[in-house]
Structure formats: C-alpha cells, structure tokens
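What follows is a short report on a single structure.
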Amino acid sequence: MYIEDIIIDGFKSYANRTVIEGFDPTFNAITGLNGSGKSNILDSICFVLGISNLSQVRVDSLQELVYKKGQAGITKASVTITFNNSDKKQSPAGYEHLDKITVTRQVAIGGRNKYLINGHNAQLSRVQDLFHSVQLNVNNPHFLIMQGRITKVLNMKPPEILAMIEEAAGTRMFEMKKNSALNTIEKKQKKVDEITKVLAEEITPTLDKLRGERTSYMKFTNNQTLIDRLQRFIIAYEYYTYEKKLESSEFESFKAEIDKGQKRKKDLTLKSTDLKAKISELAKQREKETNLEEMDQQEQKLSKELVKYQTSHKHQKESLDKEEGAINNLANTREEIKQSIQQKQKEKQSMEKKIQSIVEENQQINAELKTLQNKHNTMTTGISTGADGSSAAEDGSYTEQLMEAKKTAVNAASEYKQAEFRVKHLQSELIAKRKAITQEQTDHKKLQAEQELVEREIQQLTRSIQELQLDNSKQQELTEKKRQLEPLVSKLREEVGNASAQLSGLEFNYTDPSKSFDRSKVKGIVANLITLKDVETATALEICASGKLYNIVIEDDETGKALLSKGQLKRRVTLLPLNKVEGRSIDPQKIKNAQKIAPNGAVKPAIEFVEYDKELQPAMNFVFGSTFIATDKKYAQKAAFDSSIKVRTISLEGDEYNPAGSLTGGSRPPSGSILTQIQRLNENNRCLRENQSQLEHINFELVQLKSVTDRFKQLEQQLNIKQHAASLIAQRFQLNPHHQLLESIKEMEKSIESDTQLITNSMIKEKEALEKVKQLESQVNDFQSIRESQLKDLEKKIQITKEKCIKSNKIVKGEQVFIEKLDLEIQEMDNELENLSKETQGNQGTISKMRKDVDTLARSISETNKQIQDIRETLSEIRKDMAQKNDAIRSLHQELEKIQSEITEIDMSTEKLKSRMNRVDKDRQEASKWLEAAIKKHTWIKNEKQLFNRPGSDFDFNATDPSKANSEYIKLQEEQEKLSKTINRKVMSMFEKAEQEYQELMEKKKIIENDKSKIEHVIRELDEKKNESLRTTWKKVNKDFGSIFSTLLPGTSAKLEPPEGQNELFGLEVKVAFGDVWKETLSELSGGQKSLLALSLILSLLLFKPAPMYILDEIDAALDLSHTQNIGMMLKQHFTSSQFIVVSLKEGMFTNANVLFETKFIDGVSKVHRTVFNKKDKQVGKKK
C-alpha cells in the first residue's frame, strides 16, 4: 500500500485546492525554499493519519491548520489521500477487496472534525485501526524520521536501544499483554484477598461463633438430663431427711436442759442481790467523804495562779532593773552634756579672740587696696614736668612705691619668722597632747567597747525582728483568712445540713454484723458513688438507672449475707455484690453503627457520662451499661429502632425509646433531678471539707504563732531601749576628754599646716618685694619710658589686692557663722539637759510604782504556795482512804459481773434451747406436710421409696454427698438459666449453612489461585519465546545495521553488542570500526558520522519489519553532499518494497529520487511542481 496522490484544500499555506499526484511507489523527494510549504505536505499526511499531538505539526489547535486561521474567508481545511492497495500482502485488515483506498479528514473553524473512508463518514478509532494494521501509527511514528529523532538516538543508553529492538521485534505488544495479564493476576489476587478477608472477618468468626453456640446448645441438652437426675436424687434425700425428723427425740432432751438451767439461775440471783447491797453500802460511805474533785480543781486553780504570779513577778523585776539602769544612764548622760556645754563655751571664747586678729588683718588689706588705688589715680592724672623732663610727683610716687616695697619685704620676713615660732610652739604642744591622749585611751576604749556591744545587740535584735517579721505578717494574713473562712464554713455547713435532710433516703444505715466487720466492703448507694461528667445528662441518667440508682454496692456476696442476716436493716434494700453481679454492656459493633447514624458523639453509651472508681465497673455496667443516651430525640429514635442497633435509648429531656416499641416521657418532678441534687450535695461536702480543713490548719498555725507574736513585741521593746542607749553613748563620746583631745590635735595639725603654708608664702612675698625694690630703683631715672608698664603692674596689684580683700571678707563671715553655730549647739545641749531632767523625774515615779508591784507579787506567791501545800496534804489523806474503799468495791463488782455473766449465759442458752424446741416442733409439722405434698407431687416416690439410702442404688446417700449434689444442681440450674438466655435453638441448621458457605468460598479461592498459577506459568513460557525472538531480531538488525552504515560511509563497519559483563537482554550499545579497528567510544566520530550512524540504526530497525511508507524530513541537514548522495543510493539498494517521501534541500539526495516535487510560495499561497527522473536522467516537468 502506497500513496498515489494527495488533495490539499485550505490546509495551512495551501489556500486553493491543490492536487499532488503521481507519487512514485518507491522513492519520492520534496524540495523547495524555506517557508515554501514543503513540510506542510508532510503535515497533511500526518493530519490524515489521525495525529493527536498537534505540536508535531507545529500548531496549538486544529483551527490553526485552516489557511490563515479562517481570516482570509476560507473556513475549512481538507486533506484527501488516495492509497494504492493492489498489493494484497500489505493491505490493511478488512480492505483486501479494494484496489484503492481514499481517506479524507476535514476540520472547520468552530471545532468540527470529520473523517471519511472512501467517501463515507468514519470514527477516529476506525481510521487508526486501518493504519495501525499496516504499522502506520502516527502517534508513535516509526515510519516518520526527523532530524530531531536522529539526535535522540545518538544519546540513547543501552536499555533504550534494546527497547527499539523490542519495538521492531514486536515484543512490545507482548509486554503490553504481559502487563495486562499481570494486572489480571493482581485483580485475581485482590479477589483472593477479598475472599480471605470475608473468611477472616465474617465467615470464620460467624462459624466460630456458631460452633460455640452449638457447643452451648449441646451442653444445654446434656445439662437438662443431668438436672433431672439430680433433682430426683435431692427430692429423695429431702424425703428421707423429713422422715427421720418425724422420728427424732430432741424435743424432750431440750426441755430437761432448760429446767436444769432455771434452777441454777435462781441460786445465782440470790447471791447477786447480797453483793449489790454490800456495794451500795460501801459507795454511801465513800460519798460521805470530802469532795475530792472540788479539792483537785481548787489545787489546779491555785497552781495556775501561782505560775501567773511567778511570771508577772519575774517580768516586773526585769522591767524594774531595766528602769533603774536607764536612770543611771540618764544621770551619766546629763553629766556628759554639762561638760560638753562648758567645752563649747571655751571654744566660743577662743574663736572670738581669733576672729579679732582676722578682722584687723582684713582692715590692713583694705587700707593697702585704697593706697594702690590712689597711686593709680595719681599716675593716670600726671603732674607738670620739670627742666630735666621728669615729674616731681612721679618721682615722689616712685619713692613711695620703693618705700612700700621695702616695707613689704620687712613685713613678710617678720610674718614667716612669727609663723616659724608658732609652728615650733604648736609642734611641742602637739607632742604633749599626744602623750595625754595615750593616758586617756583606757576610758575611751571602755566607752568604745560599750558602744560596740550595744551596736552588736542592736544588730542581733534587728536580725531577730526581721526573722520574726515574716511570721508576724503571716499571722495578720492568717487572721484575715480566718475572718473570711468562718462565715463561709458556717454557710456551707447549713447548706449541707439542709440538703442532707432532703436526701435522707439516700443514707444506708446498718449495724456491724460482727466486731471484726470491715465497713470498707460496703461501697454505698449507686447514686452516691458516681460523678456526672455533664450536669445536662442528669435527667437521662436518672431515667436510665431508675430504681437501681438506690441499690447498695458491696464487695462480695458474703458481705451481703452478713448484712441481711445481722445488719439490722430498717428498710428493704437491693444489694449488688461486685463478685457476683453480671455487668451488661452494648455490643461494640452497635456502638459503631450508632456513631455512624449520629455523628459528633450525639449518641453514646450512658456509662460514658459518669465517673467512678475502677473497682465498681461490674456494678456500673449493670446499672448503666446497656443503654444509650442521645443529645436529640431524633437520634434517640434512630438508635432505638434502627435494625442494626435496637438498643434502649434515652434523650437528654428524659424521653425513653424502647426497641420493643414503647415510648415513655412526660413531666419531671419540680424539685429537679435527684442526681443533680446529689451532685450539688457532694460538691458542697467537698467544699466544706476543704474549707474546714483550711480553717483548722489556720487556727493551729495561729496558736503556734501566738508565742512568736509575743516574742516579736518583746524584741521591739528591747530594740527601742538599746537604740536609746546607743544615742546616749554617742553623746558621751562627744564629751569624753579623749575625744576632745583628738579634736584639739586635729585643730593643731590644721594650724601647723596653715602656718607652714604661710611661711612659704611669706618667703616668696619677701623675695618678690626685694626684686621689686631693685626694679624701682632702676626705673626711677627712666619713669616716662616705663610709665605704661608700671600702670599695668599697678593695675595687676590692685586686682590681686581686691581678691585678697574679698577672700578675707569671706573668712571673717565664715568665722562669724561658726560662732553662731556654736551658740546654737550650746542652746540645743541646754534643751536636752532640761529634757533629761524631766525624763529622770518621770522614771523615778515609775520605779517607785514598780517596786510596790514587785513586793505585792512576792507576797501573793508566798501566800499561794502555802495554800497549795495545805490542800495537797489534805488530798493525800483523802485519796489514801478512798483507794481502800475503791479496792473493796472493785472486788465486789468483779464477783457480781461473773454472776451476771453466768446468768446471761443461762438465759441465752435457755432461749436457744426454746428456739430449737420450737424449731423441732415446727420441723415436725413442716416435715409431715412436706412428705404429704411430696407424695402427691412426685408419684414416683411411692414406687422407689424403699430404695432411698440403699447401698448401690441411685439413691445411695453415702456414696453420693447430698450437699455436693445440691450444689451441683444449683450450679447447673444457674448455668442452664444463663444458657437459656443465650443459646440459639436454630444453631444446628445455621451452622450447616455457614459451613457450606465457607466450603464454597474456599473452593472459589482455590480456583482463583490455580488460574493465577497458570497465568504465571504462561508468562514464563512467553518470556522465553520473547527472549528468543529478541535475539533473532538483534542478529538481523545487527547485520542490516552494519551493511547500511558501510553503504553510507564506505570503509567502516558498525554493530550492536551488549555492554561488558552483561548479555543482550539487559541492553545494547553501538560499536564502530574504521577498517579493522573498533573504537571504544563514539567521541572520535564527527557530527556527520554520528548522524549517519544513528540513521543507519533507525533504517536497519525499519528494514526488519518494513512499513508500506516512510517519510524522511531533512535528515541530511547536517551532512555534506557525498554523504547525502550515499543515503539516496542506500535507500534504493535496501528499501525496494516501501514508498519513501523524502524532504531535502540538497541535490545529492533528490537526484536519486524517481519523482521530485518542488514547492514555491507565490502570492501568499504554496504551489507544487512535479518532476520525473528517467533512467537517463532526463527531466519531465509538470506543474500542479
């Protein structure tokens, strides 16, 4: 099958209907300038073949295939290809009867897309099947070779080259089928898994459950037979026992024992009366004695008073000692203050003398300043000039300056000499005072030690107070808390009392059945043992529990028996022993189903809404375990009546939905839910316990802190006293001779330092004055020339003198201020002396009063001691006498108790015997009635009565223990009762059906697994055949590959071989030889040589299974003319049965073609011209 002609209309650059006819069956070439439309011819062929990847035809949408996208008035693109089908061997499947096949594809603006085969509409799938059957798959186009594909082949890895061989061999289809088969296996495996899952999750559990039910059913039938046999045995034993009771003689023996006991009781009663009379007489004699209890109380009272007096006396004595010490300290302080006043007055007088000399010095400085200012004025004003040119006044002025300078030098010398004398005198006096201070050091050290001691005591007291400060603050805080808690506890106690009164029915009162009874085994009423997680569920939970809310939870059945028999219960109760009660719970699957129909926890088991101790789990399951609670009536109704759930459900409003079909609801008690009230009572009880415990703890801490508080106050008082003592010591320091000597030494050291500085300054002053004398003497004859400089010097001196004057004025004022300060200090000391005198007078009165109190307390202590001694002597005598009488009474009481105990035992024995007599009599009557009733009810007794208790018979009571038989009977009855509730009476038929389903599924599973095994076996066989076919293909392609490459590039050879260390099934790589030398890599090849190598490989693959048509699009673009010509020759030589359509721009390629089509672009439209090459290379042209 090959192309005969192509009709293009409105497709891409072919605006008008263009018929391209006369295609050669073997070799056709298309050439033309770039953009002339040569590649559009190839695009039109791909378009008809049904290409889906439009990027290969260089457009993004079908509308772009229309000429100028329909903007030039052409709205449809159509391509028709006529195929010659005369060679029936290459004919598509189903078209062997046709010699020509016409395929048309049209696309219009707006998206209409249409296919026609021989003028008839066809689906895309039909068109694709037509071309696929002759290896023309345009969406996987091996027949279409483009330059880009050649480039890809150069970069392929060994597995990718192997994949091309597989494609050529056709084993790719096998891989697809293999993958499909593997998918089938996977599906079958999923089916097996589903069957396994159904077996594991549904059938097997159901079968196991039915097996268990079948076992239970068979056990039920066997138990029933055994129960019937045991029942006859037990009835026979009871009949035998009752007969023996009728023949018993216990009644007479009991009566004889009673008479004997009554006689003994009469004798003991007479003896008891005599003992009571003796005890009464002794008690009267003891009561006549002095009242011992009153005397004991009086002794205790006096002892307390004595301790009180002794404590007060001690405290008063200590306070008196302190006050007397304080008076002595005040006297010492007054004396020290008087000495300080005298010292200050002396210091004032000394300062007044000192300031007088300073004032005189100040006046001298002022006079010097005035003289300098006058001299300055004289020099500034000037005097008339004499014949020699000098001024007499100025001469006189210089003379005055000269005299003044000499005077200054003399004064300065006098000053430093006087200062040297004073320094010498002060130094000698300083030595003397330092000796004196050493002598006074003892008293000073003593005073200093006293001050350090007081300061240490102050520090110690301060630390103690700081340590107790926290406790003092804590006491205030605790007192405030106590004030807040007391009314709160009182209020809570009242609320708990009122609530307890309203809920008095929820109390369980009983008497201990025995002395060793453990009350912890009685857990309490159910309502008191739970805590609600949500108060809103209270009504629903109360409806759920109903009467069980008031049941009593106990640890075991033995506790229950003890309570019922000996607990003296005042009302009828229901007990729930934890070891016996059967907890019921909802099936987990039903809970899951409920959660599906009511999302977000709208339906939950009632037990999830309460909190309780884990040990109470069985009882809580019994009360709440089998009911749902729903947040909404809608969900409650669904949970109750849904076929997959059917569980009793209660809404939050209290409406009950029963799966049996009943609905219960209505009004609620106005007092509210009992559970809510209990919850509130429990919460109040908890708060009361917490607050009461907190209050008790606070009271306890306050009691402990009371002593701490007293200690804190005492320490504060002591600290104040010590601080006052410290201030007095400080004042004594000021008046101490040692201290005064220290101050005097400091003043003398200052004076020495000042005079030393004065000596230095005076010597400098003298030196400056002498220099000035020399200078004035040299300047007298030349006054006019230096007048200006002298004026400046004079002004400078005036400035210095002014500063001295100001400084002197400040010193005078400072000294005057110091004298005023001394006056104030003297006045303050006088005031303090007056205050101390007043304080001393006040303390004298206090001491006098305290001495009287101490004496009074001492007398009280003496008198109280005497009273206590008298009372103790009297008490000793009375106690001795009473001890004797008490011993006698105690002895008589012991004897009386023995008699009373024996009488009680006789009474109890008599009561027991009477009870047993009554019981025996009653038993006889009951036995007679029971025997009569048993014979009527069980007719078999008459016939088998002679066998009762006969050895070897079914009623051998010695061989079979009746009590064990009875226990076994009760146990079987209980077991039978449980089984009757749970057994499935249809289990036998259900088990057979389930087992049949199980066998069927197992058979299906076996079949599927066999099918899977067969498919896997076939795949293994086909894998072997595929590998064989692949090897055959490889050899054929390898041969053609070398032949084609040798044709394209003479003198070379090429082959495909596996990578080193691997076989051909893992991959193939290309090897090239130039001459006889094989190259290790392809890197030595030029670009053109690599392109020829890749093209050779592609063509060798195509040659293995030739398609009817091949399209080559500019594959020679990278090749020179010689190689291009070789390609044309190779195509003619190797591809004789396929049609080639080659697009090329090189003459070496298309000169080998039989038909050449040239494209041109004229007036915006592509045109085609056909040229036929004959064997003599003559051209025949025809324009289309």
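Cβ atoms here come from the backbone N, Cα and C positions, even for glycine.
Per Swiss-Prot, these features apply:
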- Gly32, Leu33, Asn34, Gly35, Ser36, Gly37, Lys38, Ser39: ATP binding site (BINDING)
- 520-639: domain 'SMC hinge' (DOMAIN)
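Shown here: features listed in Swiss-Prot, placed on the structure.
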{"residue": "Gly32", "record": "ATP binding site", "Cβ neighbours (10 Å)": "21"}
{"residue": "Leu33", "record": "ATP binding site", "Cβ neighbours (10 Å)": "12"}
{"residue": "Asn34", "record": "ATP binding site", "Cβ neighbours (10 Å)": "8"}
{"residue": "Gly35", "record": "ATP binding site", "Cβ neighbours (10 Å)": "12"}
{"residue": "Ser36", "record": "ATP binding site", "Cβ neighbours (10 Å)": "19"}
{"residue": "Gly37", "record": "ATP binding site", "Cβ neighbours (10 Å)": "24"}
{"residue": "Lys38", "record": "ATP binding site", "Cβ neighbours (10 Å)": "26"}
{"residue": "Ser39", "record": "ATP binding site", "Cβ neighbours (10 Å)": "21"}
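Annotation note: Asn34 (ATP binding site) sits in a coil segment as assigned by DSSP. A Cβ within 8 Å of the Cβ centre of Gly32, Leu33, Asn34, Gly35, Ser36, Gly37, Lys38, Ser39, the residues given for ATP, is found for these other residues of the same chain: Asn40, Thr1159, Phe1161, Ser1166. Per DSSP, the secondary structure of the domain 'SMC hinge' (520-639) breaks down as 64 helix, 20 strand, 36 coil.
Mean pLDDT, taken over the domain 'SMC hinge' (520-639), works out to 88 on the 0 to 100 scale.
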